[in-house]
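What follows is a short report on a single structure.
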Amino acid sequence: MSIVEPDSRRGAPTPKARRFARLDRFGSKKFFVFGLSVVVLSIFLAAFGATISPYDPLEATGDISVPPPPITEWPRLFYLAVSGELERPPHWFGTDQSGLDVFSRVISAPRADMSIALGGALISLFLGTFLGLIAGFYRNWATELMMRVSDVLQAFPVFITAMILVALAGRETGNLVLALVLVYTPIFIRLTRAEVMGQSARGYVQAAWAVGNNGFKIAVKHVLPNSLVPSLVQLSVTVGFAIILTAGLSFVGAGVRPPTPEWGIMISIGAQQLILGEWWPSIFPGLAITVTVFGYAVVGHAIEQKFREI
């Protein structure tokens, strides 16, 4: 009789599976580096984009509807520009129908878009987390009323709600930020409330009650730090959505006022030239929005994956 030894490696990943796992981690790491680079670049351009732009984003260069140079020519043009052999910098993204340099406007636009989107998202995070903590930890008629108001706000389409608020309050930057806050705060309230309610039933909270801690101390010191992960993930995603919403409001004429460098305005004005074959005034700001939103989404996904491993 032969004795069959049990396979001690049963259930262990095969070499092929391990290779795919390494590739998956490597791919995720590359995406995270890309996303983080986009986030850092967007914040940098929001602060210094107008300063480092080769042309004044509000001043016509005199060259109307100049197409961008072929991408194969960019290295040569860059060398000539750095060496000082050109009289003035190239129009990397061409010029629009008013003679404005598209590249200068694209890298200057984050000052308007990011200040509104990031400001609205951060205020929504702090306000929504605070109200969600109260709603989840202190459950009474007032918190139930707050949740019903949040439900009503979330029942309306985000874009329509923001348009109505801006139409009533005006198109100033502060009103645009306020519109984003009213639109996105209910999301953070609901996320934080659900997490706080789950944490409140955990053993460490019951132990904190048992040793005589008051409710405020338990909520702030114990429950809140353990309830922030969903909101932090949502923050990154919300910034991306807020950029789209800000650009969308400007696109339909309800956001930032022209001629301010802003991606939505650039797409709106450039779209009128598409019928003439002039694609660059609208394509480049559209690509800027796409890459920026994708970068923030990747960072949010990476944060979620990291906290899952802890």
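Just so it is clear, glycine is given a Cβ too, placed from its N, Cα and C backbone atoms.
Positions annotated as transmembrane segment by TrEMBL: 31-52 (among others).
Sequence annotations record features per position, and here TrEMBL assigns domain 'ABC transmembrane type-1' to 110-300.
For 116-138 (among others), the entry in TrEMBL reads transmembrane segment.
Per TrEMBL, transmembrane segment is recorded for 150-170 (among others).
For 176-192 (among others), the entry in TrEMBL reads transmembrane segment.
Taken from TrEMBL, the feature transmembrane segment covers 232-256 (among others). Among residues of the same chain six or more beyond the transmembrane segment (232-256), those with a C-beta under 8 A of the stretch's C-beta atoms are 112-114, 116-118, 120-122, 124-125, 158-159, 162-163, 166-167, 171, 173, 176, 179-180, 183-184, 187-188, 191, 262-265, 267-268, 289, 292-294, 296-297, 299-301, 303-304, 307.
Tertiary proximity for the transmembrane segment (283-303) is limited to same-chain residues at least six positions away from its ends with a CB under 8 Å from its CB atoms, namely 28, 31-32, 34-39, 42, 93, 102-103, 105-106, 109-110, 229, 232-237, 239-241, 243-244, 247, 263-264, 266-267, 270. Among the features that TrEMBL reports, transmembrane segment is placed at 283-303 (among others).
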Same-chain residue ranges lying at least 6 outside the transmembrane segment (150-170) that approach it to Cβ under 8 Å:
176, 178-180, 182-183, 185-187, 189-190, 241, 245, 248-249, 252, 254-255
